[in-house]
Amino acid sequence: MISIILLSGFGIINLFVGFLKSKRILLPLSLLFLAIVFGINLLDWNDTQSYFNNMITIDNYAVAFTGIMVLSTLLVLPFTQHYITRNDENIGELYALILFSLVGAIMMVSYNNMLMLFIGIEILSIAMYVLAGSDKRSLRSAEAALKYFLMGSFFTGVMLFGIVMVYGATGTFNIAEIAGSAETIGNGGVNNVMFMLGVLVIIIGISFKISAAPFHFWTPDVYEGSPTVWTAYMSTVVKTAGVAAFYKLMDAAFAASYPGWMPTMVAIIVLSLLIGNVGAVVQQSMKRMLAYSSISHAGYLLMTLLAFNEFSTSAVLFYSFAYSLASIAAFGVLQLVAKQRGSENYEAFNGLGKTNPLLAFAVTVAMLSLAGIPLTAGFFGKFFVFSALIEQPNMMWLIVVAVILAAVGIYYYFRVVIAMYLHPVTEGHTAIKSTSFINVMLIIITALTILLGIAPALLSGVL
Amino acid sequence: MITALLLFWPALAALLVLLIKGEGAKKVAFIATLVEFAIALFATVNFVPDATTQFAIDMPWVERAGIGFSIGMDGISLLMVLLTTFLVPLIVLSSFKHDYKNPHVFYALVLFMQTGLIGVFVAMDAFLFYFFWEVALIPIYFIAAIWGGARRIPVTFKFFVYTIFGSLFMLAAFVYLYFQTAGTELAAHSSNVSAFYQLTMDSATQSWIFWFLFLAFAIKMPVFPFHTWQPDTYTESPTQATMLLAGIMLKMGIYGVIRWLLPVVPLGVSQWADTVLVLSIIGIIYGSIIAIRQHDLKRLIAYSSIAHVGLIAAGIFTLNEQGLQGGMIQMLSHGINVVGLFFIIDIIFRRTNTREIANLGGITQTTPALSIVFLILLMGSVALPLTNGFIGEFLLLSGVFQYNYYFGAVAGMTIILGAVYMLRMFQGVMFGTKSEATEGFADLTFHEKAVLIPLVIMVFWIGLFPNTFLSISEPAVGQLLSIINR
């Protein structure tokens, strides 16, 4: 709870620090703030408390997800280093916005009431609309922001519509009470049609937020147009928050009506896996490839929503974090490469293994992790997800589909690895300049990915 | 403890080698692999020849889920470990005259792969097995893709995607099996091999699990029709990678069948054994006939490898003792022979810059040592009595005969066809008149002899005293059969 209040305050401080002449202090200050929040957040471990008339509950689930989201933000922010040199712009507001958006993200994993979920999503989204368009000189960035904003607000409206319908059927916003009323469906207690319609519309709304197909159309364009560092944030923290909120909602509120929404969810999962993986194969730009791959990972993550058992909670947590780590490394290096070589295509990575062994190794581990190959965290992510689902009856076919499409994934992830190690350096390309700070961050991310790939119990055991 | 040492020493050595820039790397790598071999010999000496899993270590890995870091060796594992630790030093030694760029990375990858290979053979937990299965793949992919021939990128990529595709099915099957197991008080399920052996499932379930697992192992071996990645990959890879692939990695697939397929889904096996035998026997004939038509030496051996593996696969799926024991001994023999043959091809290629049989000839005139060694290894491959190939093929064929008379008759063609392509190759390469390329062909150097002589010794050792090795795996194979037939 304190972390929400602290983050809001820190965000305002960042806004004011933005007025200072030297903006160098913004990045270290933000990192310090995040580190403080990370520590304070952990104090709530095993100490479940409800706040604001039971609108928010900080339980272990909330603490764990808050922890990995704050950590992901900590790891993303160093890649904003080049902003500091742009003294002419008001970058203070960007650092403020990122903290504000994190407030929304935390609310999304700790809500106990549909209204808090809605507010959390809005706080997160509005900050993201601005960040997507923060590169004001770029047309693509402006296009991304406008697209994201128009589509995003439309789908937020859709979701609100669903919340209202569920409210109409059950008479409450509280998720525990909704779950209670949902059990009376069919006994004349709850208006079944209205309730199920509401549930489905909410599913559509959140699916948009986590870029699951068929509500994914904005993803490639917005991911491509936004400044890369905010794309990294979008594909990690925003997705983690969305999936965690989604999981909590379906588990705590709608588990009783599982047969009603299960077919829809299965359709969303299969489409996400299919469109994400097949779409990524044909891309020439690494950034667009990562955008499509993020759609497919939404599909893998949603597979946990079909099984609420002892495995699925830790599966969501583990997969989200594994995916976040790999994404940050991939987008982070992509940002450096794209800036200095002027292209986001695979060819820009040619020979990176020779010119920048460290960057190339970090990207390789990230790609192996995204592809789900052992020794990396991504393997255990997929493993836990499949384990969670396999206990469900009649879901083996879905796992087979997911497995086949995971093999497709290896194809496009390895294109990057092949470009880095097997293709010669393009004429005139020199080594990518990177700061030691970023290098250290990449080493930490890579080490974490491998550590979780060897000792998954470190994270899988906490929830 | 000794198993852990075997497992982690190469990985540690890999890190060490990574720090050594330049030529020193190969020497350090060679010493490290010799140390590894010494550890394996030490284990063999202390090994009690019974059916138990020895030198076992069982620690929790993902404790709550009942997944353990369980390693250990029974006779079957020990033979594979011996093969691996015996061949890797020779493979490293065989590369001494190669100038690979970035040698430290090359040798670190080789050592790292050895950890993966040993891990596969000693893992007694399904997920640990899968883990090492993939760990072994990544370094060999990079070795082949970075130091390979002109078409290396698409070829190795196909190999990589193909094998991963298969192993993902294995993973799905393992996850399913894992959820069928009874657990302990600590965890609801267990992925230990003993828990898998206790499973009883109806035959419909076993049937599809069988195919999930078999797909992964069949791609690795490779069994016809899953072999399409193999000839190209063998041809395009640098010689050391080909040796690793053909000599050791291929055995991962066969070992996987023995350890993780036959005893786990015996009903599935009995339903599909006929199908697998037919596929394997098609592979024997198909591989042999294509080998006869090859002009490129490396491709010829690659196809002959399909034929040999086909016979091993046919033998172990007969589920009788001759077949399984023959499979074990033939794995050793094939590993030894194929590494030797690939090295000889590498020697010829480096001196003449060609692998086309048509461009070679007359090499015997100046090279008594090479000719003798080549002929011995070749005879081992053809399964001449007194050589190692004879023991393996004889046991395998007698196993197949016991299973089905007709299958045995067709599979027996391998000996005739093998003699045809091998002798034809020897004739074309070694006899006849000197060609432009083979003019002034020098005989074996000291370090080439150092690689080949141990191999030749092993050819005769296994050929004359096969019981040294058969007795190691016999109790374990017997126990495996009793699990299968329970």
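Keep in mind that glycine also has a Cβ here, set from the backbone N, Cα and C atoms.
No curator has checked TrEMBL annotations; they are predicted automatically.
TrEMBL lists A:25-43 (among others) with the feature transmembrane segment.
Listed as Cβ neighbours of the transmembrane segment (A:92-109) (distance under 8 Å, sequence separation of 6 or more from its ends, same chain) are residues 3-4, 7-8, 10-12, 14-19, 23, 26-27, 29-30, 33-34, 37, 56, 61-62, 65-66, 69-70, 73, 77, 80, 83, 116-117, 119-125, 127-128, 130-131, 134, 233, 237-238, 240-242, 244-245, 248. For A:92-109 (among others), the entry in TrEMBL reads transmembrane segment.
The domain 'NADH:quinone oxidoreductase/Mrp antiporter transmembrane' feature in TrEMBL is assigned to A:112-405.
Feature annotation from TrEMBL assigns transmembrane segment to A:115-133 (among others). Same-chain neighbours of the transmembrane segment (A:115-133): 55-56, 93-94, 97-98, 100-101, 103-108, 141-142, 144-146, 148-149, 152-153, 156, 159-160, 163, 173, 206, 209, 222, 225-227, 230, 233-234, 238, 241-242, 245, 249, counting only residues six or more beyond its ends whose CB sits under 8 Å from a CB of the stretch.
Under 8 Å from some Cβ of the transmembrane segment (A:145-169) lie the Cβ atoms of residues 114-115, 117-118, 121-122, 125, 128-130, 132-133, 178, 181, 190-192, 194-195, 197-206, 208-209, 215, 217-218, 221-222, 225-226, all in the same chain and six or more residues away from its ends. Residues or ranges marked as transmembrane segment in TrEMBL: A:145-169 (among others).
The feature transmembrane segment is assigned by TrEMBL to A:189-208 (among others). A Cβ distance under 8 Å defines the sequence-distant neighbours of the transmembrane segment (A:189-208), meaning residues of its chain 6+ beyond its ends; these are 121, 151-152, 155-156, 158-170, 181-183, 215, 218, 242, 245-246, 249, 254, 257, 260-261, 264-265, 268, 298.
As annotated by TrEMBL, transmembrane segment applies to A:229-249 (among others). Same-chain residues lying 6+ beyond the ends of the transmembrane segment (A:229-249) with a Cβ under 8 Å from its Cβ atoms: 61, 65, 68-69, 72-73, 76, 79-80, 98, 101-102, 104-106, 108-109, 111, 117, 120-121, 124, 128, 131-132, 134, 175, 202, 206, 209-211, 222-223, 287, 290-291, 294, 297-298, 301-302, 304-305, 312-313, 316-317, 320-321, 323-324, 327-328, 331-332, 335.
Sequence annotations record features per position, and here TrEMBL assigns transmembrane segment to A:261-282 (among others).
What TrEMBL lists as transmembrane segment is A:289-308 (among others). Sequence-distant neighbours of the transmembrane segment (A:289-308) (same chain, 6+ residues past either end, Cβ-Cβ under 8 Å): 207, 210-213, 216, 219-220, 223-224, 231, 235, 239, 243, 246-247, 250-251, 255, 262, 265-266, 268-273, 275-277, 279-280, 283, 315-316, 319-320, 323, 327, 330-331, 334, 370, 381-382, 385-386, 388-389, 391-392, 395, 398, 402, 405, 409, 412-413, 415.
Positions annotated as transmembrane segment by TrEMBL: A:314-337 (among others).
Residues annotated as transmembrane segment in TrEMBL: A:358-380 (among others). Sequence-distant contacts of the transmembrane segment (A:358-380) (same chain, six or more residues past either end, CB-CB distance under 8 Å): 293, 297, 318, 321-323, 325-327, 329-330, 333, 336-337, 349, 352, 406, 409-410, 413-414, 416-417, 420-421, 432, 434, 439, 442-443, 445-446, 448-454, 456, 460.
Sequence-distant neighbours of the transmembrane segment (A:395-414) (same chain, 6+ residues past either end, Cβ-Cβ under 8 Å): 266, 269-270, 273-274, 277-278, 280-281, 283, 289, 293, 296, 299-300, 303, 306-307, 367-368, 370-373, 382, 386, 389. Here TrEMBL flags A:395-414 (among others) as transmembrane segment.
With a cut-off of 8 Å between Cβ atoms, the residues of this chain six or more beyond the transmembrane segment (A:435-459) that come close are 75, 78-79, 81, 314, 317-318, 321-322, 325-326, 328-329, 332-333, 336, 358-359, 361-362, 365-366, 369, 374-380, 384. Here TrEMBL flags A:435-459 (among others) as transmembrane segment.
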